[in-house]
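Visitor: Quick paste of what Swiss-Prot says about this protein:
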REGION    31-60  region 'Disordered'
COMPBIAS  48-58  compositional bias 'Polar residues'
REGION    98-124  region 'Disordered'
COMPBIAS  102-118  compositional bias 'Basic residues'
REGION    175-194  region 'Disordered'
REPEAT    249-270  repeat 'LRR 1'
REPEAT    272-293  repeat 'LRR 2'
BINDING   GLU432  Mg(2+) binding site
Amino acid sequence: MADGTYRFQQPGAGQFFFQTQPQQHSHQRHIARNGTNSPTGRLKFNHDTPSPSRSPPLSQAAALNPFNMYSQTHQGQHVMMNGGQAHQRFGMQIPKFQSQSHHPHHTQQPHHHTHHNQASHNINHQHNFSSGALASATPHFTPSHIQNGAHTNVDEDIDESMNEHWQQQLQLAAESRQASSPHYHARSVAQQAKGIQIAPSQPETQEQVPDGQNGVVKAKASSRQGWHALDFGGQGLRALSTSLFNYVFLEKLYLNHNKLKALPPTIGQLRKLNHLDLSGNDLTELPEEIGMLTNLKKLYLFDNNIRTLPYEMGYLYRLETLGVEGNPLNDVLKSHIMKEGTKALIKYLKEEMPVHLPPPDRDWIVLDETASSSNHRTDKVTVLSYNTLCDSSATQSHYGYAPARVLSWEFRRELILNELRSHDSDIICLQEIDQGSYNEYFREQLAYNDYKGVYWPRGRAMGMQEEDAKCVDGCATFFKASKFILLDKQLINFGQTAVRRPDAKGQDDIYNRLWQKDHIAVVVFLENRQTGSRFIVVNAHLYWDPAFKDVKLIQTAILMEELTKLSETYAKWPPCTDKAAFRFSKEEGQSETPPLEEPAPSMQYASGDQIPLLMCGDLNSSPGSAAYNLIAHGRLDEEHPDLEKRLYGNLSKVGMTHPFKLKSAYGAIGELPFTNYTPDFKDILDYIWYSSNSLHVSALLGEVDKDYLQRVPGFPNYHFPSDHIALLAEFTVKGKKGKVVEADFGPQRN
């Protein structure tokens, strides 16, 4: 310890390694700059060390004595010796932000750079701060300059703002300014994996010390692993390649301490990011697409030139830390984050977000132009299926990215009603409609549009008080009263139906897993007043949890089994005699209405599978799943993996079959990209199935505009009232095939 202030300049044993890329912070001595009083030679000790309990005066700042080993915040570890840190024999690794009280030469005084006046030095001038220095220096530590060259006075700004939220800002900003060296974060992770704590400007090691020497463990060769982080920090980048944003698996991206002036909108493609560091650049704004990064927990924007933030950042409902120190942020935004923290600012942006322009209308895709252009009367039917997201499920805990107004049922139900009226389909199948909404709103409102409805709530509503039962959701099926006659309606409760099966005795899984789920299907049997065609319309909602694939499969099997029984009953249903639709009496002066065509007689069907079948609903099963394959292929083996060897009577012993030839309506275009759209889940869950032997799909409602989706991370929002989208299909009833009779022209001459 006798060598004092010259100690860190003495050559040590082993080889020295220096940064190959010149950096202003990697010097062995301080270089005099214009307007500074930095020393040009060796200085003696400054014994007038200020108390750690107060900020030191600028004239006695530790920066004026760069060789003072007693300043904890200015250690001279700029050299690696023998592949290790130059100070490794004296220092010990300690937890972050804990004072190193066992180091007698650490005075724990803050480090004010009063001798730097250029804006660029805020980024490029970098010294080593030990972990204990930062904690002990706070709350006194604040850089005396920011990127735009304007000085800040700590005492003026932090009197009221020095709460826990702003303290965290200052601490993280200080850490960020230490991380200006190239690939700092990547090197830190690599060194920590080897058991070494790296200094900010530590050069990369080129040698490994032997096993066990100086407590350093030699890295073991390991197989290649997947990576999820990318560090481009300190590279002087001025632009980013578009290829970068194809790495959609990235979870951490460091672009700090570069020269970026703009962030490309394609940043929105990296939707798995949870950590994004853009500190120390020249950014003046952020793109709207930043709101697509809903998994972000840390977003560092320290030391840029950002004055305002896009409202789309309100979508970042998981964001825990937003670093904005060192930006000329406007007073309103800065006040929110200084006083209440990141969560309050994000909530403010979310609730104040303006309503954007709606997307273009979804295309109407015509698959059979002959059916649309035909002049003769054709037997057509349009069917809409829609999971409306019931009021009790639309909570901030589930949909934190949606403003409070968007989640309010009064707002959403009006959007739903307007959408139903605009499509004006013959049949509507709604899932997740509670009893109160059906009885008090939709049934009344849709009656003005010639609809009649059939509704059943889920099983839990039985035994409840009337007021409580109103909040239980169920399935509602509406049909045009002027076009169809309701012949029959049935409820299928999957759990109750399963326990009534003769083979359910002794099957524990039926009671423990299936019976507890109260999901249902509503079946209506309709007849077209004019053509006499009959339809079985199914409206189903299956269990959602992916961990219960066996339950969804058995629910589907029970549904198809019950439909098989019902279809055979409906095949023997007697003809309908009174088919005239109700008509209001004519008022005086009202013009004569044209007479209706004479209704055709009721169609007769030889078997249940000949009746046109339309099966709609939220099956919570994606294409290729066991439930999907059972419906599409008509059978499923008893040993299917989704059953997980659980016991469900004959369904798991014999297998599952059904006689219907069903196809997905949207299978004609390869299915939609999604029917359920949230930040964490985007998949196909909703379907309109039809019996291909009796129906032909002629038109479909297309997908949501792709450009619109580039700025919207999930539904519901101001234009889509549910996390699901509506499905709409048009079908043409196939004519019955009669017996082919060959004409007899008599004997023919050769």
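Numbers here mean position along the shown chain, with the first residue as 1.
Cβ coordinates come from backbone N, Cα and C, glycine included.
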Visitor: What is the number of residues in the region 'Disordered' (175-194) that are helix, strand and coil, as DSSP sees it?
Guide: 14 helix, 0 strand, 6 coil
Visitor: Let me know how many other Cβ atoms fall within 10 Å of the Cβ of GLU432 (Mg(2+) binding site).
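Guide: There are 23 of them.
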Visitor: Could you count the residues of the repeat 'LRR 2' (272-293) that DSSP puts in helix, in strand and in coil?
Guide: 5 helix, 3 strand, 14 coil
Visitor: How many of the residues that make up the repeat 'LRR 1' (249-270) does DSSP mark as helix, as strand and as coil?
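Guide: Computed counts for the repeat 'LRR 1' (249-270) are 5 helix, 3 strand, 14 coil.
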